[in-house]
C-alpha cells in the first residue's frame with residue numbers, strides 16, 4: 001500500500017516495492033483490503049475462543065473457559081444419547097424370554113447384530129472371529145458342546161464360565177492320570193488306543209482291547225459315561241464323535257490322559273450387562289450348532 | 001538489462017480489456033400467430049403437469065403411498081403410477097436417459113431445436129416471466145423507454161415492485177411444487193402452510209425460488225447462449241436436411257421499402273419480399289437477427305415466423321418468408337426446382353430404431369421382472385463346519401426381496417449333487433427340512449440359512465448349490481446359485 005518507496009513500472013502501470021535482488025524488482029501488489037480485514041477479524045474472533053473454550057495451559061491444569069466445555073464431557077453426553085437411543089430396543093431384548101427371541105425376526109436380528117460386535121470384542125481372541133475355535137478352544141459352529149448346547153446352557157456358560165473362579169462356574173476337569181501316578185505308561189497307551197477305537201479310528205498293532213476296556217471302565221466312565229458318550233454336567237466330551245478339542249491322534253491322546261486338561265472359559269457376568277449376555281447366547285446359538 | 005517497454009508497443013492481447021461482452025438487455029415485443037399459440041399451449045401443458053402432477057392420486061392399497069408420482073427417499077422407493085422401483089432398479093433411469101437423449105437427437109434432425117424453442121424449462125419459465133413483465137410494464141417500446149429514464153417515480157417503483165412480487169410468487173411456487181414430489185403432497189402443503197414441514201423442505205424451496213427467479217428473470221437468453229452445452233452439441237449433430245427456422249433469402253433479398261418495391265415490381269424488376277421492418281428482430285427473445293443465417297444464439301422458438309407472417313399479410317405478400325426450411329431447398333428454389341423435404345433418412349431411421357429398441361427392452365424387462373428375489377452370501381469364517389456325526393454344514397446369509405404389495409409365505413430349498421438338508425435359524429418348517437418364512441410386503445428379510453450334507457454322502461470337493469425360494473401361495477419361484485464348501 002506504500003508506493004512512495006518504489007519506482008513506477010511502465011509495463012504494468014504499477015509501482016514496485018523498492019526491494020531489489022540481482023536486478024529483479026518486486027511489483028507492489030498488496031493484498032486486497034477485504035482479505036486483510038478478514039484476517040484481522042479472525043484474530044479478534046480467536047480471542048472469543050480463549051474466553052469461551054479451554055485454551056491456555058497452566059502449571060497443573062488449564063483455563064476452562066466460560067461454559068466449562070470439554071471434549072471428554074461432550075463425548076460422554078453423546079455416548080449417553082446413544083445408549084438412550086438403543087435403550088428401548090435393548091429393553092425389549094432384556095424383557096423377552098430367551099426361547100422367544102429367535103422366533104421374532106426383529107429381536108433375532110438385533111440380538112445377532114449386538115452379539116456379533118460383542119463377540120468380536122470379547123470372544124474372538126480365543127474362539128476366532130467366526131467362532132470357528134482352535135486347538136483347546138471349542139468351535140461354536142458345530143453341534144458338539146462340552147457344557148450343553150441349549151440356549152439356557154450356552155447362556156449359563158457365558159455368564160459364569162468354566163473353571164473361571166466364579167462361584168457358579170462349571171467345574172470338573174480332565175485328571176492327569178500319568179502325572180499323578182494313577183496309570184502306568186503302558187496302560188495310558190492302551191487306553192488311548194481304546195478311546196480311538198470308540199470313534200472308529202484305527203488302533204496300534206498288538207493293542208489289547210479287553211485291557212483297554214477294563215482300564216476305561218475303572219478310570220474314565222465316571223465322567224465320560226458308559227461307552228464314552230460324554231456328560232455335559234461335568235464338561236466331559238463325547239469320545240465317540242468326530243470332533244476333538246485337542247486332537248485325536250495317539251500322541252495327543254496320550255498327552256491328554258497323562259497331563260490332564262483344564263481349559264478356562266472366563267465368567268462374563270459383571271463384565272457384560274444381562275441383556276448383552278442374552279444377545280451373546282442367542283448369537284452363539286444361531287451360529288448353527290445350537291440345540 | 002532493465003529495458004523499459006512502452007506499453008503501446010506491446011502486441012500481445014490487451015489484458016485490460018473486458019473478458020466478456022456485457023449483457024445487452026433484450027426487450028421482446030408481443031406477437032400473435034400460429035407459433036405463439038403453440039407456445040402458449042405447450043406452456044400451459046408443461047407448467048400444468050409440473051405444478052399439478054404431485055396432487056394426482058393412485059391407489060396402491062392400504063399402507064402404501066397414494067401419490068401417483070413420488071420419490072420416497074427415506075424408504076428408497078420411486079413410484080410412478082403402476083410402477084414401483086427399488087434402488088437396485090435405477091438402471092431403468094439409464095434407459096430413460098438414453099431414450100431422452102436420442103429423442104433430442106431425433107427432434108433435432110427433424111425440426112432443429114424444437115426442445116429449446118418450445119419445451120425447455122428455461123424457455124418456458126423465461127417466456128412466462130416475459131409475459132409478466134409485459135403485463136406490468138407494457139410492451140417493448142414502453143419498457144425500453146422506462147428503463148432509459150432514470151427518474152424513479154412512485155408509479156415506476158410500484159410497477160417494479162409488482163413485477164418482482166409476481167416473479168417471486170411464480171419462483172416460490174416452482175420450488176414449492178418441486179418438494180411435493182418427495183413427500184405426500186397434500187400433507188406437505190398443510191405442513192408448509194402451518195410451518196410444521198421439515199427444514200430441508202424450506203431450504204429446497206428457497207434454493208429453487210432463487211434459481212427460478214435469477215435464471216428466468218435475469219439470466220434468460222444468457223443461459224442458452226453461454227451456460228447450456230446443447231447449442232454446441234446441436235450444431236455438431238445437425239445435417240443439411242434438418243429443418244431449421246430459416247430466413248428464405250432467395251425470396252427476401254434484395255430488401256427494399258414497401259413503396260420502392262411496388263415501383264420496381266411495376267417496372268418488372270426482381271425485388272425481395274423483405275421490407276426491412278425489423279419485426280423479426282423486435283420479437284426475438286435472444287435479441288438476434290434471423291436474417292444473418294443460422295446462429296448459435298437462436299433457440300428456434302418460431303416467433304420471428306409469426307412476426308414476419310403478420311407483416312407479409314399486411315403488405316399482401318405470401319406468408320413464410322421466414323419458416324422451417326434448409327439451405328438445400330433455398331438453392332433448389334433459386335435454380336427453379338421444387339423444394340424437397342426428407343424426414344425419413346438414415347439418421348432419423350437410426351434414431352427412431354434406437355428409441356424403439358431401448359424403449360422396447362425397458363418395457364419388456366419391466367413387464368417380466370420378478371417381484372420375488374433372493375441374494376445369497378456364503379459365510380466366510382468359518383466356510384464349513386464338521387458336525388459330530390461327520391456331516392458337513394455350510395452357513396449362508398440369505399436376503400429375500402418381496403417387491404409385491406402383499407405379504408408372502410415362502411419356502412426355501414437347496415439342491416445340489418448330493419442330498420442336502422436345510423434349516424433357517426428361528427424359522428418353522430412346513431415339512432421337515434423345508435423352512436417356511438413370512439416376508440412382509442414391499443420389504444426385504446435377511447435370514448441365516450444352514451445347509452448340511454449328510455455324513456454318508458459327503459462330497460469330496462466343493463459343489464455348486466442352487467437355492468430355490470418358492471411363494472407357497474402363488475407358486476412364484478426365484479433362484480440363486482452358490483457353492484457348498486467341503487473343508
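Cβ atoms are placed via backbone N, Cα and C, with glycine included.
Look at TrEMBL and you will find A:123, A:126, A:127, A:265 tagged as heme c 1 binding site. Residues or ranges marked as heme c 2 binding site by TrEMBL: A:174, A:220, A:223, A:224. Residues annotated as domain 'Cytochrome c' in TrEMBL: A:110-199, A:207-288. Look at TrEMBL and you will find A:34-52 tagged as transmembrane segment.
Overlay of TrEMBL annotations on the structure.
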residue : record                : Cβ contacts under 8 Å, 6 or more apart
A:123   : heme c 1 binding site : A:131, A:280
A:126   : heme c 1 binding site : A:134, A:137
A:127   : heme c 1 binding site : A:119, A:133, A:134, A:137, A:138, A:139, A:140
A:174   : heme c 2 binding site : A:236, A:256, A:260, A:261, A:262
A:220   : heme c 2 binding site : A:191, A:228
A:223   : heme c 2 binding site : A:172, A:231, A:234, A:236
A:224   : heme c 2 binding site : A:230, A:231, A:236, A:237, A:239
A:265   : heme c 1 binding site : A:157, A:161, A:162, A:163, A:164, A:170
For residue A:174 (heme c 2 binding site), the three-state class that DSSP assigns: strand
So which residues does the transmembrane segment (A:34-52) touch in its own chain, when a touch means Cβ under 8 Å and the partner is 6 or more beyond its ends? 63, 65-67, 69
Beyond the site residues A:123, A:126, A:127, A:265: chain residues whose C-beta lies within 8 Å of the centroid, for heme c 1: A:122, A:124, A:125, A:137, A:138, A:140
Around the heme c 2 site (A:174, A:220, A:223, A:224), what further same-chain residues have their C-beta within 8 angstroms of the site's C-beta centre? A:175, A:219, A:221, A:222, A:228, A:234, A:236, A:239
Any idea what the model's mean pLDDT is for the domain 'Cytochrome c' (A:207-288)? 93
Among A:174, A:220, A:223, A:224, listed as contacts of heme c 2, what is the widest Cα spread in Å, to the nearest whole number? 10
Three-state secondary structure, which DSSP defines for residue A:265 (heme c 1 binding site): strand
Residue A:123 (heme c 1 binding site) in three-state DSSP notation: coil
Using DSSP three-state counts, the residues of the domain 'Cytochrome c' (A:110-199) come to 41 helix, 5 strand, 44 coil
